[in-house]
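Colleague: Submitted below is the structure of interest, expressed as structure tokens.
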Amino acid sequence: MNTISTTTRLEQLLGDQHVLKNAPASTLVEKSLLRGEGRLTDTGALTVATGAYTGRSPKDKFIVDETSVHEKIEWGQVNQAIEKETFLHLYEKVLTYLADKDELFEFRGFAGADKTYRLPLQVVNEFAWHNLFAQQLFIQPTTEELTQHTPEFTIVSAPGFKADPSVDGTRSEAFVIISFEERIVLIGGTEYAGEMKKSIFSVMNYLLPEQDVLSMHCSANVGVEGDVALFFGLSGTGKTTLSADPNRKLIGDDEHGWSERGVFNIEGGCYAKCVNLSYEKEPQIWNAIRFGSVLENVIVDEKTGLPDYNDTSLTENTRAAYSLEAIPNSVIPSVAGHPNTIIFLTADAFGVLPPISKLTPEQAMYHFLSGYTSKLAGTERGVTSPEATFSTCFGAPFLPLPAARYAEMLGEKIAQYEVQVFLVNTGWSGGPYGVGQRMKLSYTRAMVQAALQGELNTVETITDSVFGLHIPTRCPGVPDFVLQPRNTWDDKEKYDKKAQELAKQFIENFKRFTNVSEAIQKAGPSI
């Protein structure tokens, strides 16, 4: 079976079935309610439950081992190979399954706000709410663009189809399979909508570097003077929260490209964690949850329709999906100039990293390659308490190419555009997870604001004896003692022990990077 026949087979299915194509949000919401897929909250948002899968299932994600990509992909635990015949057999079974459905839902749009690099997408869904999600998260076409739209990548999502591992070559009933030659993402067995979003991110992380564009797992915003900031970090570290700043315009909250012309959003919407969400702490996100947006796995009062964002009985990984247009000060189209400031976000479960530190270019490369954070509860199946982890480039689960490819591109751009880089710890202070407290959001916001406004450029710094980080001695809006993590611990000896423990993990993890310069090697912790 070749590309033409897989495409033709899908076209036949969509031609034979009753298919709602690029339906307005109101229609998709109505369909979702009639089909029993969800219910409305008091603000008109559609709330849904995703069943057993309330987060990504990385062990069920595969890339088809095809001739054109075989030598380029970094095969391993993240990028698991699956045979072409296995994929084609499963694809045929999924289409046969979808052919029995009374109706299907199709969305056509784009990934990539910069028209030079955008990818025309087609999303075919079994569920109406999944199609609404796709409409919110990807970039919607104009009426004219839709008439001329030719998909270059297609998502086929059939959550109700459960694979049989003994027959279908999968690990479980769930699967997310990317075929770069067939230009298809095949999803089944899981209702978690984030799989659609992240699979296209993986696709763009393969395609964009081939066009000399750095793809990045980061949020981005821009100030009134046109100064651009990037926030790198894994899920739950604060990308969405910190980039939603009423004094700056939002470019995007999670996925971006950086070309010779500047940065651009890959998406057209946001997918915000909403555990413990409140209007006081995050008014922009709170107000964006309205008609047309989707709430995943949030408990809602049956009588009042009020969401309880503190209830994590289904999962810690509760989410809100909404269009960028729901953010009043978003940049549309989501393109901007070159970054002035980069902030690496980490949620340090050990509680020993400073809340903010300035990085040298060598330290920036060291920490980008290290990608240290903690896996936070709920973002992946089986994670119920934070675990220390190293995720290269702050996005290893989504990077098909070798990490060095992305790191080299970032290093070149930091040097070319003289970008200031900071490491910000949004994790624990005063002790490790379970003992200390999560860093106050108000403190983190104050530190980020000071960094973006250049207020830390002339502040005296102290060099951390273990991590070598340059810690500002003062920062507007933050008590001085908070800036030095050792000061916040009651037991200083326990702090020293924990710091050494984390430093050893950094050093052990970095041993795998054998081809980096000695200057970068020495930019990490010393024990």
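Cβ from N, Cα, C; glycine included.
These came from Swiss-Prot, pasted as-is:
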- Arg56, Tyr192, Lys198, Arg319: substrate binding site (BINDING)
- Lys198, His217, Gly233, Leu234, Ser235, Gly236, Thr237, Gly238, Lys239, Thr240, Thr241, Glu282, Arg319, Thr444: ATP binding site (BINDING)
- Lys198, His217, Asp254: Mn(2+) binding site (BINDING)
Colleague: Taking only the residues the record lists as binding substrate, namely Arg56, Tyr192, Lys198, Arg319, what is the largest Cα to Cα distance between any two of them, in Å to the nearest whole number?
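Modeller: Greatest Cα separation within the listed binding residues comes to 14 Å.
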Colleague: Excluding Lys198, His217, Asp254, please set out which residues of the same chain place their CB within 8 Å of the center of the CB atoms of the Mn(2+) site, keeping sequence order.
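Modeller: Going along the sequence, the neighbours appear as Lys197, Phe201, Ser235, Glu255, Gly395, Phe398.
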Colleague: Roughly how many Å separate the Cα of Lys198 (substrate binding site) from that of Asp254 (Mn(2+) binding site), to the nearest whole number?
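Modeller: Checking the Cα atoms of Lys198 (substrate binding site) and Asp254 (Mn(2+) binding site) gives a distance of 10 Å.
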Colleague: Have a look at the binding-site residues Arg56, Tyr192, Ser235, Lys239, Thr241 and say which one has the shortest Cα distance to Asp254 (Mn(2+) binding site).
Modeller: Lys239
Colleague: Tell me whether Arg319 (substrate binding site) sits in a helix, a strand or coil according to DSSP.
Modeller: strand
Colleague: Name the residues of the same chain, 6+ apart in sequence, whose Cβ is under 8 Å from the Cβ of Arg319 (substrate binding site)?
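Modeller: Long-range Cβ contacts: Gly194, Tyr271, Ala272, Lys273, Cys274, Leu295, Glu296, Asn297.
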Colleague: Does His217 (Mn(2+) binding site) have same-chain partners at least 6 apart in sequence with Cβ under 8 Å from its own Cβ, and which are they?
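Modeller: Long-range Cβ contacts: Phe201, Phe232, Gly233, Leu234, Asp254, Glu255, Cys393, Phe394, Gly395, Phe398.
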Colleague: Can you tell me how far the Cα of Tyr192 (substrate binding site) sits from the Cα of Ser235 (ATP binding site), in Å?
Modeller: 15
Colleague: Could you round the CA separation between Arg56 (substrate binding site) and Lys239 (ATP binding site) to a whole angstrom and send it over?
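Modeller: On Cα coordinates alone, these residues lie 18 Å apart.
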Colleague: If you draw a 10 Å sphere around the Cβ of Ser235 (ATP binding site), how many other Cβ atoms fall inside it, taking every protein chain shown into account?
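Modeller: So the Cβ neighbour count for Ser235 (ATP binding site) comes to 26.
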Colleague: When DSSP is mapped onto helix/strand/coil, what comes out for Ser235 (ATP binding site)?
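Modeller: Note: Ser235 (ATP binding site) is coil by DSSP, not helix or strand.
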Colleague: Which of Arg56, Lys198, Lys239 (the binding-site residues) has the most other Cβ atoms within 10 Å?
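Modeller: The most densely surrounded of these binding-site residues is Lys239.
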Colleague: Under a three-state reduction of DSSP output, how is His217 (Mn(2+) binding site) classified: helix, strand, or coil?
Modeller: strand
Colleague: Kindly assign Arg56 (substrate binding site) to one of the three DSSP-derived states: helix, strand or coil.
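Modeller: The three-state answer is strand.
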